[in-house]
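Trainee: Quick one: this structure, given as structure tokens, is what I'll be asking you about.
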Amino acid sequence: MILQNKTFDLNPNDIAGLELVCQTLRNRILEVVSANGGHLSSSLGAVELIVGMHALFDCQKNPFIFDTSHQAYAHKLLTGRFESFSTLRQFQGLSGFTKPSESAYDYFIAGHSSTSVSIGVGVAKAFRLKQTLGMPIALLGDGSISAGIFYEALNELGDRKYPMIMILNDNEMSISTPIGALSKALSQLMKGPFYQSFRSKVKKILSTLPESVNYLASRFEESFKLITPGVFFEELGINYIGPINGHDLGTIIETLKLAKELKEPVLIHAQTLKGKGYKIAEGRYEKWHGVGPFDLDTGLSKKSKSATLSPTEAYSNTLLELAKKDEKIVGVTAAMPSGTGLDKLIDAYPLRFFDVAIAEQHALTSSSAMAKEGFKPFVSIYSTFLQRAYDSIVHDACISSLPIKLAIDRAGIVGEDGETHQGLLDVSYLRSIPNMVIFAPRDNETLKNAVYFANEHDSSPCAFRYPRGSFALKEGVFEPSGFVLGRSELLKKEGEILLIGYGNGVGRAHLVQLALKEKNIECALLDLRFLKPLDHNLSAIIAPYQKLYVFSDNYKLGGVASAILEFLSEQNILKPVKSFEITDEFIMHGNTALVEKSLGLDTESLTDAILKDLGQER
């Protein structure tokens with residue numbers, strides 16, 4: 001039954017049978033994620049909710065919309081992908097997120113947070129116009145309710161009364177910040193005269209009871225607080241049901257039946273346990289959110305820790321070192337304190353470093369205001385999430401030339417998370433903005449120098465980028481040097497052709513340089529360093545070389561080679577330039593080395609391409 005491509009085979013009246021299905025799903029998730037890595041604890045925690053959804057609804061008539069969709073593994077297993085699930089996050093295998101091109105049962109692409117309700121509103125509007133039966137059903141995590149788009153969608157949904165079911169999966173992972181902030185806003189309701197008077201009267205009554213039952217006084221206030229979120233949603237015109245036990249299938253089924261009958265917008269508040277069913281992961285929220293391969297029995301990682309610091313660690317260590325000396329340094333991250341390395345700074349200086357939750361636009365705008373007040377804000381953010389704050393960069397930082405510092409992590413190809421998470425766009429869109437300074441380090445040592453430069457640069461916004469995992473260039477190959485605004489660095493002068501690397505592209509170019517040397521072809525190597533402004537001496541630097549080859553981890557359109565070609569055109573210089581950047585397509589998931597090879601960006605393919613361009617055979 002469960003292995004078939006039919007969701008209606010799940011009998012909502014057979015709770016015991018559904019519980020067995022849940023156990024089967026959990027076992028399969030654990031088996032595959034322990035081997036491949038992936039988003040474990042959120043997927044384990046959402047199993048009963050997803051089984052309940054499939055038991056009651058046909059997801060092709062009632063589109064299931066998974067917010068972020070990293071918790072949708074059970075959905076994949078229930079929709080014909082039980083066996084192929086072994087290829088999860090592997091090159092040319094199943095995506096770790098919902099993906100319509102993978103399955104007709106995946107309604108919408110997902111990967112970024114907080115979009116599900118907005119998508120659902122669009123579906124509901126379309127269904128109303130087409131007079132289509134059915135309603136969208138969105139499963140969203142607690143972290144997603146901190147983003148503005150969630151409230152924008154609720155605003156219209158409550159006003160228009162479109163039929164829609166929202167299931168808020170409250171696993172107390174991301175909810176600590178957003179619900180904490182929401183609770184503060186909602187606490188005004190609890191400070192009102194009704195609540196205060198009612199509480200006072202009940203406490204007075206309870207105080208007359210024997211001490212053995214006086215514990216009810218404290219339980220009363222806790223229970224009354226549960227009403228508050230409901231009041232908030234009801235005031236917006238959204239029916240609220242909950243909180244319910246998100247692991248009790250009987251309760252889930254009955255609640256979904258009720259929500260289905262209402263034919264109005266409904267939010268079901270379900271409380272779940274992240275990592276449910278795997279004792280080692282239960283309650284250890286952040287550690288088991290996203291994992292690499294691990295031993296099922298011990299929970300220990302199968303990968304040994306690298307002796308070399310990751311770029312993220314090199315960045316955060318350097319920023320911490322500077323923050324100890326400079327009280328003007330502050331920092332912001334948008335719900336990624338651990339991923340960006342800002343967690344250690346938040347722990348050390350909680351009044352100066354902030355996790356603002358999933359609110360990238362707010363992160364950039366508030367940082368711009370801090371810069372105006374004389375502080376030095378470092379915004380630590382993944383490349384893929386920075387694009388969510390583009391207007392804030394333009395409107396709030398760059399127009400006024402406020403010196404925020406964008407530390408762009410996960411730049412380039414990121415591997416198993418795929419097209420929704422690749423860090424390939426930042427170069428193209430940032431270089432189009434006036435007043436923005438853009439530069440990139442080539443290794444951990446120059447990354448430290450990049451942080452130093454950003455800290456001292458006070459005349460405009462600046463941005464520097466670095467990759468996930470490690471740089472392509474090994475430590476110590478070239479002596480590190482400090483950054484000087486608009487200056488490149490010629491690492492090797494000899495040769496008839498010039499390899500130009502930007503950021504992590506320097507390491508890629510260096511590997512090609514070594515491969516070509518084995519073919520008796522000497523190549524010069526330039527670390528471009530600054531993309532904006534370009535080195536004003538670039539025309540003199542490139543003059544001795546017959547051809548230029550450009551290496552960088554970003555899209556070719558509007559990328560590094562484009563900037564160089566624009567410069568050459570303005571200088572009336574004719575020089576052959578070939579770009580080894582990313583072509584105009586969304587890049588799929590998989591092991592980074594395999595993905596790069598498929599794109600012709602591995603050392604062997606790049607070497608062959610240059611040999612061919614030079615008219616030589618390998």
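The backbone N, Cα and C atoms fix where each Cβ goes, glycine too.
Okay, so Swiss-Prot annotates it like this:
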BINDING   H70, G111, H112, S113, G143, S144, N171, Y278, E360  thiamine diphosphate binding site
BINDING   D142, N171  Mg(2+) binding site
Trainee: In whole Å, note down how far the CA of D142 (Mg(2+) binding site) lies from the CA of H112 (thiamine diphosphate binding site).
Mentor: 14
Trainee: So, in DSSP terms, is G143 (thiamine diphosphate binding site) helix, strand, or coil?
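Mentor: DSSP assigns G143 (thiamine diphosphate binding site) to helix.
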Trainee: Which secondary structure state does DSSP assign to H70 (thiamine diphosphate binding site), in the simple three-class scheme?
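Mentor: Its secondary structure by DSSP: coil.
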Trainee: What does DSSP call E360 (thiamine diphosphate binding site) in the simple three-state scheme?
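Mentor: The residue in question, E360 (thiamine diphosphate binding site), is helix (DSSP, three-state).
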Trainee: At the Cα level, what's the spacing in Å between D142 (Mg(2+) binding site) and N171 (thiamine diphosphate binding site), rounded?
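Mentor: Cα-Cα, rounded: 7 Å.
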Trainee: Please name the residue among the binding-site residues D142, E360 whose C-beta has the most neighbouring C-beta atoms within 10 angstroms.
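Mentor: Selected residue: E360.
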Trainee: Looking only at Cβ atoms, how many others are within 10 Å of the one on H112 (thiamine diphosphate binding site)?
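Mentor: The Cβ of H112 (thiamine diphosphate binding site) has 21 Cβ neighbours within 10 Å.
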Trainee: Listed thiamine diphosphate-binding residues H70, G111, H112, S113, G143, S144, N171, Y278, E360 - what's their greatest C-alpha to C-alpha distance in Å?
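Mentor: With H70, G111, H112, S113, G143, S144, N171, Y278, E360 as the binding residues for thiamine diphosphate, the largest Cα distance is 33 Å.
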Trainee: Tell me the Cβ neighbour count for G143 (thiamine diphosphate binding site), meaning other Cβ atoms within 10 Å of its Cβ, over all protein chains shown.
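Mentor: The answer is 24.
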